[in-house]
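**Student:** Next up is a structure, given as structure tokens.
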Amino acid sequence: MMRAMWEALAALAAVSCLVGAVRGGPGLSMFAGQAAQPDPCSDENGHPRRCIPDFVNAAFGKDVRVSSTCGRPPARYCVVSERGEERLRSCHLCNASDPKKAHPPAFLTDLNNPHNLTCWQSENYLQFPHNVTLTLSLGKKFEVTYVSLQFCSPRPESMAIYKSMDYGRTWVPFQFYSTQCRKMYNRPHRAPITKQNEQEAVCTDSHTDMRPLSGGLIAFSTLDGRPSAHDFDNSPVLQDWVTATDIRVAFSRLHTFGDENEDDSELARDSYFYAVSDLQVGGRCKCNGHAARCVRDRDDSLVCDCRHNTAGPECDRCKPFHYDRPWQRATAREANECVACNCNLHARRCRFNMELYKLSGRKSGGVCLNCRHNTAGRHCHYCKEGYFRDLGKPITHRKACKACDCHPVGAAGKTCNQTTGQCPCKDGVTGVTCNRCAKGYQQSRSPIAPCIKIPVAPPTTAASSVEEPEDCDSYCKASKGKLKINMKKYCKKDYAVQIHILKADKAGDWWKFTVNIISVYKQGASRIRRGDQNLWIRSRDIACKCPKIKPLKKYLLLGNAEDSPDQSGIVADKSSLVIQWRDTWARRLRKFQQREKKEL
């Protein structure tokens, strides 16, 4: 009965392999006109769902590396059969050079025909401690369901199955078979499997009987008896346990009748060898639920045909720009597809941030990198400094952000309101870009205060508010007519400045004029600077028109350094020279300034 079941399994696996080999090839062109098959990775509504590659015999047609094969040189071997209690031997020649008498490793993974068995065979009597190994490379990671071997010889007394997850660099045990588990593999016999050790190999004496002498089967199920097998989707331990890139079978001890040391021991020893008609590794290409098939890439390597925005040989990572949530294996309940970062079409790269993902309630963790089109932010969702949103365009538009264009002098900074585009204006400046003076202000030459208040002229001049003393003629001599500026006058004074009278206020015995110093042609120890300052003149000097000053006018002021009443500003008196400004004087005063520097 077991033999019949095995034959059915082998035939099914062979047919599956043949179908898989021709899938997608020219042989299907005759069906091109038929309706397209439903997408296994999406449901009827187009939503992602788990998909897995077909179950196959991953060993079919693949090369197997063996440590021993008979026939080099040609050698005799004898097949033992039993008739009642009588033991018969039929001897033959194994010759690797003769295809009809050869038993190469290719027979392990060819199409298994029960009516025409082909068997790989080892050299005779390679007994413990000498091993015979079969090593099969699957070409990529597979999730292995079973490993089976059908024998042409008696089954081994002891053998082990190993797996590699790193293409043969390291090996871990998968299963041990022996009648002497402790002696051969230092393992307990049929140790119980619990959740704590379900990822470990066990040793059993099942399938180790010598009989049948031919046609015996050893089949190892990777999940049989493992406690978490019923919840495989949620068991990373078992998912790792069934994963393999390579399978190795190590035959450790031959079964014998105990006659190998008798008189005709040579004949007996020629009867003991390992011979296998079929090696199968049943499983699926490992794609973590994100692919329905495996294909050959440009390098002829077997890789998953990844879906759900995943990438990698096993669809084990998210493809670029799909990092809004962490990669996860698909399950029967959730496809766990990778999600694109939300960058509003302004970025081509992003990264995943676990902290942000947790803060969002495990919904979004993508952070956009190198936002373009003058955008900024985690999602490129606002305009960078110096730009504001054009509400007439969607945020995904290439020109969703407009330049603020804040005036370099009138604005207090380059950043404008993200919604209105209003720049931060300095005092007295207005306009969206701060490009003009507000009402009641006039432009100045100061980059610090480009707009100043327009002073309200008093009903009378400063001089008319003070009664002129009777002795003005003896006190000072008011200037009359036009005055000339020469180098002598320039040199006699401590400072020479161009001023603009803004307003005048009475302060006890003084008049305080708010002036804007437009240009400085000479300065003393007080280090006069351009901009708004106070000009102090005694009331008696103003009353005698020494000097004569009117608000809102521009003057050339040459005077001597004196202490002002409030220790700020400059002082003018009857000896100061105050002349209404002429633009032609600027060049002459610069010459005076240069000549004075040369003479120093």
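Yeah, the Cβs are placed from backbone N, Cα and C, and that goes for glycine too.
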**Student:** Name the residue from CYS451, CYS472 that Swiss-Prot records as disulfide-bonded to CYS544.
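**Tutor:** Recorded disulfide partner of CYS544 in Swiss-Prot: CYS472.
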**Student:** Disulfide partner of CYS338 per Swiss-Prot: which of CYS315, CYS318, CYS350, CYS368?
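**Tutor:** According to the record, the bonded cysteine is CYS318.
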**Student:** Can you tell which of CYS383, CYS404, CYS406, CYS416 Swiss-Prot lists as bonded to CYS401 through a disulfide?
**Tutor:** CYS383
**Student:** Per Swiss-Prot, which of CYS425, CYS437 is disulfide-bonded to CYS434?
**Tutor:** CYS425
**Student:** Look at the disulfide annotations in Swiss-Prot and name the partner of CYS152 from this list: CYS119, CYS181.
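**Tutor:** So the cysteine that Swiss-Prot bonds to CYS152 would be CYS119.
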**Student:** Tell me the Cα distance separating ASN116 (N-linked glycosylation site) from CYS152 (disulfide bond), rounded to the nearest angstrom.
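**Tutor:** That separation, Cα to Cα, works out to 12 Å.
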**Student:** Taking the domain 'NTR' (472-600) as the reference, which of 47-284, 341-403, 404-453 gives the largest number of Cβ pairs under 8 angstroms?
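**Tutor:** Looking at each of 47-284, 341-403, 404-453 in turn, the most contacts to the domain 'NTR' (472-600) are made by 404-453.
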**Student:** If you measure from the C-alpha of ASN417 (N-linked glycosylation site), which of the recorded positions ASN95, CYS294, CYS318, CYS404, CYS451 fall inside 10 Å?
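**Tutor:** If one measures from the Cα of ASN417 (N-linked glycosylation site), the recorded positions that come within 10 Å are CYS404.
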**Student:** Nearest to CYS451 (disulfide bond) in three-dimensional space, by Cα, is which of the disulfide-bonded residues CYS318, CYS338, CYS416, CYS425?
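**Tutor:** Given the candidates CYS318, CYS338, CYS416, CYS425, the nearest one is CYS425.
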**Student:** With every protein chain in view, how many other Cβ atoms are within 10 Å of the Cβ of CYS119 (disulfide bond)?
**Tutor:** 18
**Student:** Would you kindly give the Cα-Cα distance separating CYS318 (disulfide bond) and CYS416 (disulfide bond), rounded to the nearest Å?
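**Tutor:** CYS318 (disulfide bond) has its Cα 39 Å from the Cα of CYS416 (disulfide bond).
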**Student:** Around CYS544 (disulfide bond), how many other CB atoms lie within 10 A of its CB?
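**Tutor:** Other Cβ atoms found within 10 Å: 23.
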**Student:** Please report how many Å separate the Cα atom of CYS315 (disulfide bond) from that of CYS544 (disulfide bond), as a whole number.
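**Tutor:** That separation, Cα to Cα, works out to 98 Å.
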